[in-house]
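K.L.:
In case it's useful when we look at the structure, here is the feature table from TrEMBL:
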- 14-153: domain 'EamA' (DOMAIN)
- 195-330: domain 'EamA' (DOMAIN)
- 12-34: transmembrane segment (TRANSMEM)
- 40-62: transmembrane segment (TRANSMEM)
- 102-125: transmembrane segment (TRANSMEM)
- 137-157: transmembrane segment (TRANSMEM)
- 192-212: transmembrane segment (TRANSMEM)
- 224-245: transmembrane segment (TRANSMEM)
- 251-277: transmembrane segment (TRANSMEM)
- 289-310: transmembrane segment (TRANSMEM)
- 316-333: transmembrane segment (TRANSMEM)
Amino acid sequence: MGVGRALSDAKPYVAMVLLQVGFAGMYIVSVASLKRGMNHFVLVVYRNLVATVLMAPFALLLERGVRPKMTLRIFLKIMGLAILEPVLDQNLYYMGAKLTSAGFASALVNILPAVTFLLAVLLRMEKVRLRSLHSQAKIAGTVFTVAGAVLMIMYHGPVVQFPWSSSASGSAGHHVDGAAAAAATASSASSWLNGTVMLVGSCVCWSGFFILQNNTLQSYPAELSLTALICVLGSAMSGAVALVAERRDMSVWVIGFDTRLFTAVYSGIVCSGVAYYVQGLVTRARGPVFVTAFQPLCMIITAVLGSTILKEEITLGSVIGAVIIVVGLYAAAGRRRRRAGEGLAIDHAAGQRRRRRQACCARRRRRDAGGEGCLLASL
């Protein structure tokens with residue numbers, strides 16, 4: 001009994017850890033394929049096509065009787081979701097990760113909760129009460145997160161040597177001329193800045209997607225069908241964008257049985273298919289705070305894999321900025337979790353009081369009924 005319950009309680013933790021490993025793998029294989037020449041427009045199209053093939057059968061079978069009626073308003077919202085996520089977010093992210101690194105991209109994505117909070121405030125969907133500890137924690141977490149992101153962007157510092165990457169970088173350093181290294185640094189500075197701007201834009205689009213998705217699910221509460229429709233429309237619209245952008249070179253659509261095909265299939269299945277389902281289950285069971293708390297794990301795994309497999313350099317500024325972002329993330333998440341726990345405790349206490357009142361009323365009714373029975377017997 002105890003072992004079974006322990007295994008059941010461990011399932012959300014195992015699921016989220018495996019999911020973060022899956023996301024880290026996507027970061028690595030995507031950056032590797034993009035830097036080897038794969039077109040990011042084509043990658044987005046193939047990724048969403050794979051996700052459509054995966055999700056559509058489940059949506060048709062499992063939500064046949066519960067799928068709401070499609071209206072023009074709902075369809076326009078789904079089109080907006082497809083534009084924000086597959087078309088804008090994924091293209092901006094892939095371009096930014098290609099110009100920077102997998103580790104930097106996965107670290108900067110942790111500003112997502114702060115960007116979502118700021119957008120919700122601007123759209124008047126989130127109320128800020130300065131005297132409330134909950135709002136104060138959110139504001140402090142947002143400030144820490146933005147400060148960490150600014151530090152990562154503005155300050156690089158020396159390269160941090162890790163035991164698993166020091167030998168490779170050290171041996172390479174003997175063959176690099178000082179002037180050549182300076183020229184390479186100067187030429188890559190503008191690319192790094194452009195990549196950072198694209199990654200921030202990706203986070204803004206992703207945050208807008210979350211907000212619009214929450215609004216859409218209120219009128220179209222069919223998660224699998226909504227996901228399938230987003231992937232279908234995303235495939236069509238990103239395909240149109242790719243055709244226009246790459247109209248002079250149609251050879252980019254041809255991919256062989258190599259890392260490019262693996263990247264498209266892996267991203268479509270793990271990150272656009274399985275991830276939606278697993279995150280939905282864990283969110284329903286443990287809440288969104290629990291899911292958010294595992295995001296820094298993906299950053300750590302990506303940094304280790306990136307420095308090992310892709311030979312990426314991790315600077316001191318990136319490490320310090322990532323730590324500050326994580327502190328801000330947990331500052332806000334911890335307060336939300338405590339507030340949720342307080343709400344559960346209040347609900348539990350109210351439930352106990354309600355059950356005691358019901359039991360007392362039941363005893364009183366039985367006592368009154370017994371007294372009436374004795375009175376009738378005496379008559």
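Cβ atoms here come from the backbone N, Cα and C positions, even for glycine.
Automatic, uncurated: that is what TrEMBL annotation is.
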K.L.:
With pairs 6 or more apart in sequence, are the transmembrane segment (137-157) and the transmembrane segment (316-333) linked by at least 3 Cβ pairs under 8 Å?
P.N.:
yes
K.L.:
Rank 40-62, 192-212, 289-310, 316-333 by Cβ pairs under 8 Å to the transmembrane segment (102-125) and hand me the top one.
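P.N.:
Ranked by Cβ pairs under 8 Å, first place goes to 192-212.
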K.L.:
Which residue counts does DSSP yield for the domain 'EamA' (14-153) in the helix, strand and coil classes, in that order?
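P.N.:
For that range the per-state counts are 115 helix, 0 strand, 25 coil.
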K.L.:
For the transmembrane segment (40-62), which stretch among 12-34, 192-212, 251-277, 289-310, 316-333 has the most Cβ pairs under 8 A?
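P.N.:
Selected stretch: 251-277, with the most Cβ pairs under 8 Å.
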K.L.:
Do we see three or more Cβ pairs under 8 Å linking the transmembrane segment (289-310) and the transmembrane segment (316-333), pairs being at least 6 apart in sequence?
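P.N.:
Between the transmembrane segment (289-310) and the transmembrane segment (316-333), contact is present.
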K.L.:
Over the span of the domain 'EamA' (14-153), how high is the average pLDDT in this prediction?
P.N.:
88
K.L.:
Using DSSP, how many residues of the domain 'EamA' (195-330) fall into helix, strand and coil, respectively?
P.N.:
115 helix, 2 strand, 19 coil
